[in-house]
Amino acid sequence: MEPPFFLLLLLLVVSSSSPSAALLSAKGVNNEVQALIVIKNLLKDPHGVLKSWDQNSVDPCSWAMITCSPDFLVTGLEAPSQHLSGLLSPSIGNLTNLETVLLQNNNITGPIPAEIGRLENLKTLDLSSNSFYGEIPSSVGHLESLQYLRLNNNTLSGPFPSASANLSHLVFLDLSYNNLSGPIPESLARTYNIVGNPLICDANREQDCYGTAPMPMSYSLNGSRGGALPPAARDRGHKFAVAFGSTAGCMGLLLLAAGFLFWWRHRRNRQILFDVDEQQIENVNLGNVKRFSFRELQAATEGFSGKNILGKGGFGNVYRGQLPDGTLVAVKRLKDGNAAGGEAQFQTEVEMISLALHRNLLRLYGFCMTATERLLVYPFMSNGSVASRLKAKPALEWGTRRRIAVGAARGLVYLHEQCDPKIIHRDVKAANVLLDEACEAVVGDFGLAKLLDHRESHVTTAVRGTVGHIAPEYLSTGQSSDRTDVFGFGILLLELVTGQTALEFGKSSNHKGAMLDWVKKMQSEKKVEVLVDKGLGGGYDRVEVEEMVQVALLCTQYLPAHRPRMSDVVRMLEGDGLADRWEKASGHSTAAADSLSHSHRTSDPAPPAADFAAAFGRCFSDLTDDSSLLVQAVELSGPR
């Protein structure tokens with residue numbers, strides 16, 4: 001009896017040391033699973049996006065819309081734009097490890113549960129564009145880690161909780177278009193939006209809150225309010241003017257001299273710096289970003305020293321910088337900042353990227369505009385890019401590679417399906433996917449992508465991208481769409497599997513110029529181990545590798561219409577619907593092969609996908625890895 005008892009005791013000690021063990025109830029039920037099932041039961045899910053949430057499961061980390069930490073704790077509930085309705089359950093307060101809650105653009109109704117204040121690790125809360133009503137719970141003031149709070153476009157009423165003044169880390173707040181009243185705490189957030197609330201006001205002007213509705217207040221980037229001075233300040237100004245009235249003439253002369261000096265210095269400095277407050281750029285929607293002076297960024301990067309260069313891209317160099325408070329940043333210095341079209345590109349990026357807030361997208365931190373310079377400031381990603389990490393030692397473990405694939409896919413889903421207008425990246429590659437401190441994927445460099453309003457595609461006379469990642473239709477016609485990004489993402493998946501860039505992989509002696517055909521051949525012959533990064537050794541799951549290769553081949557099909565949407569890609573990477581999609585794609589391939597065989601007998605056909613890949617590989621065989629490409633489209637169709 002003694003050995004079994006000892007083993008049981010040892011097992012108990014080991015299991016209790018696991019972080020996730022604390023989540024188990026006395027009956028061995030995962031408390032996070034219980035909470036999520038209660039949330040699911042109160043929501044109406046017409047499209048079945050939560051069908052993978054199984055109450056009999058002990059591991060919610062494999063569920064759709066759920067993100068977990070390396071310790072298998074639920075840290076993200078992300079179900080934006082999923083047509084969900086019903087109520088948000090108070091059980092959300094039991095998910096105490098949550099860091100991100102994204103439920104925007106649904107039709108969830110009812111009050112915001114007060115239990116949400118128990119999420120002490122929560123950093124991002126987005127409940128915007130739903131039908132929540134009632135008061136904002138005072139427990140929101142307990143979310144001391146909160147950085148982003150969006151409650152806009154609901155029907156919330158009552159005052160904003162005074163306890164929210166405790167939110168010392170809050171960077172961005174959007175309460176616009178509700179029915180809120182009363183003052184906003186003075187030091188709540190660096191940037192916030194309260195327009196569309198008829199009786200909301202500044203904390204310093206509380207006496208005006210319940211009178212006639214004032215005009216919406218405007219805010220500068222540093223949070224200062226516009227408008228007239230309060231009455232007490234006007235009285236002091238009047239007394240000051242009377243007391244010194246006898247010296248008005250002298251003061252006038254001094255002011256005139258000072259004005260002349262200011263004009264002279266301003267005219268001289270215009271050759272170096274551009275005043276962004278001038279009328280000609282007032283139409284820039286600055287969003288949630290900070291304005292830097294050129295000298296600030298020059299000092300932060302040590303004069304844009306070559307030793308601080310993090311990378312070079314088609315739009316300019318990226319420099320490592322350190323702000324006076326010690327914050328590390330990445331500064332992108334755009335090429336030809338004063339050239340024709342440069343300002344329009346800059347405005348596009350500042351306006352659009354500042355509104356694109358997602359855990360898997362690189363957030364724009366600030367900007368700088370001068371007469372000759374355009375610069376963008378981002379948070380510094382300590383783990384670099386996926387491309388650099390794949391070349392480093394030790395090899396990136398397989399589980400991390402899978403997590404990177406899913407994270408990058410979710411970021412692209414947000415750009416394609418949740419931004420209005422949608423954003424097409426046009427250069428999806430490992431070098432443009434960064435890794436944060438937890439090795440989570442963060443997609444960057446999408447700010448200068450072509451934006452589509454509500455059209456399906458865009459035709460341009462210039463093709464920008466990286467050799468090996470450019471979709472065939474984009475290279476040949478200049479026509480880009482969200483399926484162009486899907487193609488690039490498929491190549492990214494192969495980079496994660498092989499540990500090589502597209503050009504490295506395509507130039508090897510065994511399969512030069514026909515990479516995708518060779519990958520498909522290895523997959524069909526069940527030889528995927530030939531593809532796997534040798535640095536992994538045996539540390540990978542063969543079935544998972546086969547599935548990722550299948551998804552990559554689906555994404556890189558020659559015809560854009562046959563490629564899946566990025567939301568479908570996410571589901572397939574999570575194990576939902578891949579088998580059916582692969583079978584259907586195999587049918588397409590068989591039909592295409594039969595058609596090609598017939599056309600060879602009857603005429604000289606246009607080059608198929610394989611020939612295109614081979615020709616592409618030969619044309620650019622002299623290029624180096626990650627070479628950027630900016631060429632004129634071979635043939636343009638449709639309007640330019």
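Here the Cβ of each residue, glycine as well, is placed from N, Cα and C on the backbone.
Record features, source Swiss-Prot:
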- Leu310, Gly311, Lys312, Gly313, Gly314, Phe315, Gly316, Asn317, Val318, Lys332: ATP binding site (BINDING)
- 120-143: repeat 'LRR 2' (REPEAT)
- 145-167: repeat 'LRR 3' (REPEAT)
- 1-22: signal peptide (SIGNAL)
- 242-262: transmembrane segment (TRANSMEM)
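Residues 75, 80, 88, 96-114, 149-167, 169, 174, 180, 357, 359 of the same chain lie 6+ residues outside the repeat 'LRR 2' (120-143) yet bring a C-beta within less than 8 angstroms of a C-beta in it. Long-range neighbours of Gly316 (ATP binding site) (same chain, six or more residues apart, CB within less than 8 Å of its CB): Lys332, Arg333, Leu334, Lys335. Around the Cβ of Val318 (ATP binding site), the same chain contributes Ile309, Leu310, Gly311, Lys312, Ala330, Val331, Lys332, Arg333, each under 8 angstroms and 6 or more positions distant in sequence.
Of all the binding-site residues listed here (Leu310, Lys312), it is Lys312 whose C-beta has the fewest other C-beta atoms within 10 angstroms. In the repeat 'LRR 3' (145-167), the DSSP tally of helix, strand and coil residues is 5 helix, 8 strand, 10 coil. Confidence over the repeat 'LRR 3' (145-167), given as mean pLDDT on the 0 to 100 scale, stands at 85.
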